[in-house]
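Following: one structure in structure tokens, then a few remarks.
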Amino acid sequence: MAEGLVLKGTMRAHTDVVTAIATPIDNSDMIVTASRDRSIILWHLTKEDKTYGVPRRRLTGHSHFVQDVVLSSDGQFALSGSWDGELRLWDLAAGTSARRFVGHTKDVLSVAFSIDNRQIVSASRDRTIKLWNTLGECKYTIQDGDAHSDWVSCVRFSPSTLQPTIVSASWDRTVKVWNLTNCKLRNTLAGHNGYVNTVAVSPDGSLCASGGKDGVILLWDLAEGKRLYSLDAGSIIHALCFSPSRYWLCAATEQSIKIWDLESKSIVEDLKVDLKTEADATSGGGNANKKKVIYCTSLNWSADGSTLFSGYTDGVARVWAIGRY
């Protein structure tokens, strides 16, 4: 009996690319997704055979693609970043936008909450990283000097409380590590041969993984600022995430979702979507467009590491679960 991931169901409500997925830390039956359809959807997870979740609320207000969404640790608020240049804080119970964060001069590509939810960080095509409080006040802007020289595509807080850290990825081909206390540069991690789309920090804060255009994932020791090793994903990488329960790294590439066991550095899963099988399952056959090419653009694990949520270019969220087969 092998352990692997099987497609559990789909979640359909977005009409364009699913750009981000946020999962609650208490493993409750909800997730939040963001999309190029300019909306954020709060889902209730029914975990039924075909339809894994149903839309509970659609949050609207952004005037352009919503590129990223994250949840506060109590699950009460969602934070989004959009190509309209703004961040928004959403009250999920009310379904309303509680705050707008205005200051970036170009598209916001990435947002994150600090561990205590008191600080917010954002990354933009204006090449800056901004640090905000929850009132929507910009407290610091990382720009010029040591800052990135091209679009900042992704920004994440390290979960390590000993050394509060921000990690950013950029189209300038670098990953940068910043001290949160003074917003000063600690390390520039160079090694990619193309733009970097995404960066992920391991659950214990010791490692970070980066990926993008060159199709190679680089693993870094965050404390030392040193490159540890690389994993060849074979095509453009759009998202990365570490499993919260296994020593696994998951990558959304333009070919498939690949999962590595970091101990053996071998691929344990290579998840592809069969659109014909899916069409037969959801509509009982019919005119599925088999020529359509879709790929995964966003990924996140459930807090217990049992379920992998993946968002695709066709607007569908697909749910994979660990099972035996």
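Any Cβ shown, glycine's included, is placed from N, Cα and C.
Noted in Swiss-Prot for the protein shown:
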type: REPEAT; residues: 13-44; note: repeat 'WD 1'
type: REPEAT; residues: 61-91; note: repeat 'WD 2'
type: REPEAT; residues: 103-133; note: repeat 'WD 3'
type: REPEAT; residues: 147-179; note: repeat 'WD 4'
type: REPEAT; residues: 191-221; note: repeat 'WD 5'
type: REPEAT; residues: 232-261; note: repeat 'WD 6'
type: REPEAT; residues: 291-321; note: repeat 'WD 7'
Using Cβ atoms and a strict cutoff of less than 8 Å, what residues sit near the repeat 'WD 7' (291-321) while being 6 or more residues removed from its termini? 5-12, 14-27, 31, 33-35, 37, 43, 52-53, 238-241, 243-246, 250-257, 271, 273, 275
Over the repeat 'WD 5' (191-221), what is the model's mean pLDDT? 98
As a quick check of your reading of DSSP, tell me how many residues in the repeat 'WD 4' (147-179) are helical, how many are strand and how many are coil. 0 helix, 18 strand, 15 coil
